[in-house]
Amino acid sequence: MKHLLSTDGLDRDQAIAILDTADRLKQALLGREVRKLPTLRGRTVITMFYENSTRTRVSFEIAGKWMSADVINVSSSGSSVSKGESLRDTALTLQAAGADCVIVRHPASGAAHRLAGWLKHTNTSVVNAGDGMHEHPTQALLDAATLRDRLGSLDGRRVAIVGDVLHSRVARSNVHLLTTLGAEVTLVAPPTLLPTGVEKWPVTVSHEIDSELASQDAVMLLRVQAERMTGGFFPSSREYSIAYGLNERRLKLLPEHAVVLHPGPMLRGMEIASVVADSPQAAITEQVRNGVHVRMAVLYHLLAHEEETA
Amino acid sequence: MASRQRGATDPAGDREILSAGDVARTVARMAHQIIEKTALDAPSAPDVVLMGIPSRGAPLARRLAAKIAEFSGRTVHEGTLDITLYRDDLRRGPTRPLEATKLPEGGIDDRLVVLVDDVLFSGRTIRSALDALRDHGRPRAVQLAVLVDRGHRELPIRADYVGKNLPTSKTEDVVVMLEEFDGRDGVVLK
């Protein structure tokens, strides 16, 4: 594997290999005083974030450092990007400076694919850390890792993804990955927050949350992405919360074993009630913890093998 | 196949070095040697743990631990230590899957760790294992037990317990088969 750009196109064997590696890494680091592996010694990983992020950037940085890679963070403010340098020139600069891997987050859908195209004849790998409303593959992988931890296998499991599917790269990546891993996905959202063409996705669509909950093994809540909204998608936050928020009453409709996921950042009281976020069924901090192991696994699969140029 | 004479060469050019019975006897002998060398049956016996290197070192460590318990009456803890993340040749081949790492109960600090592997060849696996151990704690001492030593060392490493010294040419392949993975025990030179 040279790049990780999307979960669309990641086959079942590749996905399971990454998740298994993440499990092994977690096991190898368990109870250690020195959380440092020499595996990527001498490799340089550059994170390039053109959008705000806490958990993704930090967890990539920790992942790289725990494997002894040199990790350098570039953000759009404070770099030549603010002087007007194009994404292409920035990428070629970082490659020329010696990056073995560029991890990119960008507001434009498809940015990571373009980047991989520009770096085609080099040995530099590209990881998509979120591109606009397109994909966020490592988030989907860490969600799958968390669900595997809690539920065992994903085969035949039912997962509802609730909320702002339209603007969500997390939803897109999860739909591809979870169905590849054998889960049945139901999207629950108001019609205004579903993308056009959703009928061609391998999912069931519902506009009503209460009737779906009893049959789910997991519920994944999405943040309502106000920053990407240009029109009126729903009357008010309060109304959204009443219609689609996971509150205490709805938590009781879920089977006891069901897992509650949220990719973060959470808007407590909006898509998720505070008591639900802090309930034992919520796996939100486990998601963050797994995020580090999954990203270590991704770096391992991209960087710890003989070079491939393609 | 089971009735084949030891050392006989089959039509494919494979030579049986150890039969299933030989493997069992060899493991038992190595268990006795570990008991003797570490003075496990003495009253002031050290705290010994066996760490198997996956894949085939892991079941070997379990078998040795069982034999040691049988012969000495002492329980020795065992675990597994995957060394893949410490290899020096990760960039010389496709991505290698990781194996299980499981530290024995109580960890390895201040204990006598015996590393267990199936074949000792270049010594690079053991170099990696020593690095990995260092990240997990500080053993009092480290020893090495291998079922087969086939020579051709590339590093200054030697085993403390050797089941079978087997002179080989570099082009030959030593295949250790264990019930747990291969359905039967045996060592074959290909």
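Note: Cβ is positioned from N, Cα and C throughout, glycine not excepted.
It should be emphasised that the depicted structure is a prediction, and the values quoted were computed from it without experimental measurement.
What TrEMBL records for this protein:
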BINDING   A:Arg55, A:Thr56, A:Arg105, A:His136, A:Gln139, A:Gly264, A:Pro265  carbamoyl phosphate binding site
BINDING   A:Lys83, A:Arg169, A:Arg223  L-aspartate binding site
DOMAIN    A:2-148  domain 'Aspartate/ornithine carbamoyltransferase carbamoyl-P binding'
DOMAIN    A:156-302  domain 'Aspartate/ornithine carbamoyltransferase Asp/Orn-binding'
Review point. On a count of neighbouring CB atoms within 10 A, which of the binding-site residues A:Gly264, A:Pro265 is highest?
Key: A:Gly264
Exercise for review: Please name the residue among the binding-site residues A:Lys83, A:Arg223 whose C-beta has the most neighbouring C-beta atoms within 10 angstroms.
Suggested key: A:Arg223
**Study point:** For the carbamoyl phosphate site built from A:Arg55, A:Thr56, A:Arg105, A:His136, A:Gln139, A:Gly264, A:Pro265, further residues of that chain with CB within 8 A of the site's CB center
**Key:** A:Ser53, A:Thr54, A:Ala129, A:Gly130, A:Val170, A:Pro263
Practice item. Could you put numbers on the helix, strand and coil content of the domain 'Aspartate/ornithine carbamoyltransferase Asp/Orn-binding' (A:156-302), residue by residue per DSSP? Key: 62 helix, 24 strand, 61 coil
Check your understanding: Which residues, sitting 6 or more apart from A:Arg169 (L-aspartate binding site) on the same chain, put a CB under 8 Å from its CB?
Key -> A:Ser109, A:Gly130, A:Asp131, A:Gly132, A:Met133, A:His134, A:Glu135, A:His136, A:Gln139
Review point. If one looks at the chain holding A:Thr56 (carbamoyl phosphate binding site), which residues at least 6 apart in sequence have a CB under 8 angstroms from its CB?
Key: A:Arg105, A:Ala129, A:Gly130, A:His136, A:Thr138, A:Gln139, A:Gly291
**Study point:** Among A:Arg55, A:Thr56, A:Arg105, A:His136, A:Gln139, A:Gly264, A:Pro265, the record's carbamoyl phosphate binders - longest CA distance, Å
**Key:** 16
Check your understanding: Can you name the binding-site residues among A:Arg55, A:Gly264, A:Pro265 whose CA is within 10 A of the CA of A:Lys83 (L-aspartate binding site)?
Key -> none
Check your understanding: For A:Arg55 (carbamoyl phosphate binding site), which residues of its chain lie six or more apart in sequence with Cβ-Cβ distance below 8 Å?
Key -> A:Gly264, A:Pro265, A:Val288, A:Gly291
**Study point:** Secondary structure content, the domain 'Aspartate/ornithine carbamoyltransferase carbamoyl-P binding' (A:2-148) (per DSSP, counts of residues)
**Key:** 64 helix, 27 strand, 56 coil
Check your understanding: Given that the record lists A:Lys83, A:Arg169, A:Arg223 as binding L-aspartate, what is the largest C-alpha to C-alpha distance among them, in Å?
Key -> 32
